[in-house]
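One structure is given here, and the rest of the page talks about it.
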Amino acid sequence: SLFELGKMILQETGKNPAKSYGAYGCYCGVLGRGKPKDATDRCCYVHKCCYKKLTGCDNKKDRYSYSWKDKTIVCGENNPCLKELCECDKAVAICLRENLNTYNKKYRYHLKPLCKKADAC
């Protein structure tokens, strides 16, 4: 769910997920279209593509369990879809952390209409 995703992003990056990534670039947040603006935005693009592969669970509402051991996210689910959902969220959180050095505040509240046609996954 959005709750676990936000918690993972906070744990990995130390940033407030809604404020820092809620409207970042063309892909972070609700909508997604156009060319990713930078590496951080590309993380969100890949994350949206990961969600598109999920079948049988709701990425916004369905809760899953994970643990934070030695600063590492460990997904712990028996349900295959929820496990995959957790892995999608884990991957974006790690990607965002790995690209903190290129995070650009000018894309924090990027206007989505400036993002042109969709990039296919």
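Backbone N, Cα and C atoms are what each Cβ position is placed from, and that goes for glycine too.
Residues or ranges marked as disulfide bond by Swiss-Prot: Cys26-Cys115 (among others). Residues near Cys115 (disulfide bond) in space but far in sequence (CB under 8 A, at least 6 apart, same chain), listed by position: Gly25, Cys26, Leu31, Arg33, Gly34, Lys35. In the three-state DSSP classification, Cys115 (disulfide bond) falls within coil.
All chains included, 28 other C-beta atoms sit within 10 angstroms of the C-beta of Cys28 (disulfide bond). Annotation source Swiss-Prot lists disulfide bond at Cys28-Cys44 (among others).
Annotation source Swiss-Prot lists disulfide bond at Cys43-Cys95 (among others), citing experimental evidence. There are 18 other CB atoms within 10 A of the CB of Cys95 (disulfide bond), with all protein chains counted.
Long-range Cβ proximity for Cys121 (disulfide bond), meaning a same-chain Cβ under 8 A and a gap of 6 or more residues, is found for Lys48, Cys49, Lys52. The disulfide bond feature in Swiss-Prot is assigned to Cys49-Cys121 (among others); the stated evidence is experimental evidence.
In the shown protein chains, 22 other C-beta atoms lie within 10 A of the C-beta of Cys88 (disulfide bond). Taken from Swiss-Prot, the feature disulfide bond applies to Cys50-Cys88 (among others), supported by experimental evidence.
Classification of Cys81 (disulfide bond) by DSSP places it within a helix. Feature annotation from Swiss-Prot assigns disulfide bond to Cys57-Cys81 (among others).
Per Swiss-Prot, the feature disulfide bond maps to Cys75-Cys86 (among others); the stated evidence is experimental evidence. All chains included, 22 other C-beta atoms sit within 10 angstroms of the C-beta of Cys86 (disulfide bond). DSSP assigns Cys86 (disulfide bond) to a helix.
Sequence-distant neighbours of the region 'Important for membrane-damaging activities in eukaryotes and bacteria' (105-117) (same chain, 6+ residues past either end, Cβ-Cβ under 8 Å): 19-20, 23-26, 31, 33-35, 37-38, 40-41. As annotated by Swiss-Prot, region 'Important for membrane-damaging activities in eukaryotes and bacteria' applies to 105-117, with the evidence given as similarity to another entry.
Taken from Swiss-Prot, the feature site 'Important residue of the cationic membrane-docking site (MDoS)' applies to Lys105 (among others), supported by similarity to another entry. Contacts of Lys105 (site 'Important residue of the cationic membrane-docking site (MDoS)') defined by a Cβ separation under 8 A and a same-chain sequence distance of 6+ are given as none.
In three-state terms derived from DSSP, Arg108 (site 'Important residue of the cationic membrane-docking site (MDoS)') belongs to neither a helical nor a strand segment and is classed as coil. A sphere of 10 angstroms centred on the C-beta of Arg108 (site 'Important residue of the cationic membrane-docking site (MDoS)') encloses 16 other C-beta atoms. Positions annotated as site 'Important residue of the cationic membrane-docking site (MDoS)' by Swiss-Prot, on the basis of similarity to another entry: Arg108 (among others).
Residues annotated as site 'Hydrophobic membrane-disruption site (MDiS)' in Swiss-Prot: Leu111.
Here Swiss-Prot flags Lys112 (among others) as site 'Cationic membrane-docking site (MDoS)', drawing on similarity to another entry. For Lys112 (site 'Cationic membrane-docking site (MDoS)'), the number of other Cβ atoms no farther than 10 Å from its own Cβ, over all displayed protein chains, is 15.
Sequence annotations record features per position, and here Swiss-Prot assigns site 'Cationic membrane-docking site (MDoS)' to Lys117 (among others) based on similarity to another entry. Around Lys117 (site 'Cationic membrane-docking site (MDoS)'), the same-chain residues six or more apart in sequence whose CB sits under 8 Å from its CB are Arg33, Gly34, listed in sequence order.
Taking the Cα atom of each, Arg108 (site 'Important residue of the cationic membrane-docking site (MDoS)') and Cys44 (disulfide bond) are about 13 angstrom apart. Around the Cβ of Leu111 (site 'Hydrophobic membrane-disruption site (MDiS)'), the number of neighbouring Cβ atoms within 10 Å comes to 8. Cβ neighbour counts within 10 Å, taken over all protein chains shown, single out Cys26 as the most crowded of the disulfide-bonded residues Cys26, Cys57, Cys81.
Comparing the disulfide-bonded residues Cys44, Cys49, Cys75 on other C-beta atoms within 10 angstroms of each C-beta gives the minimum for Cys49.
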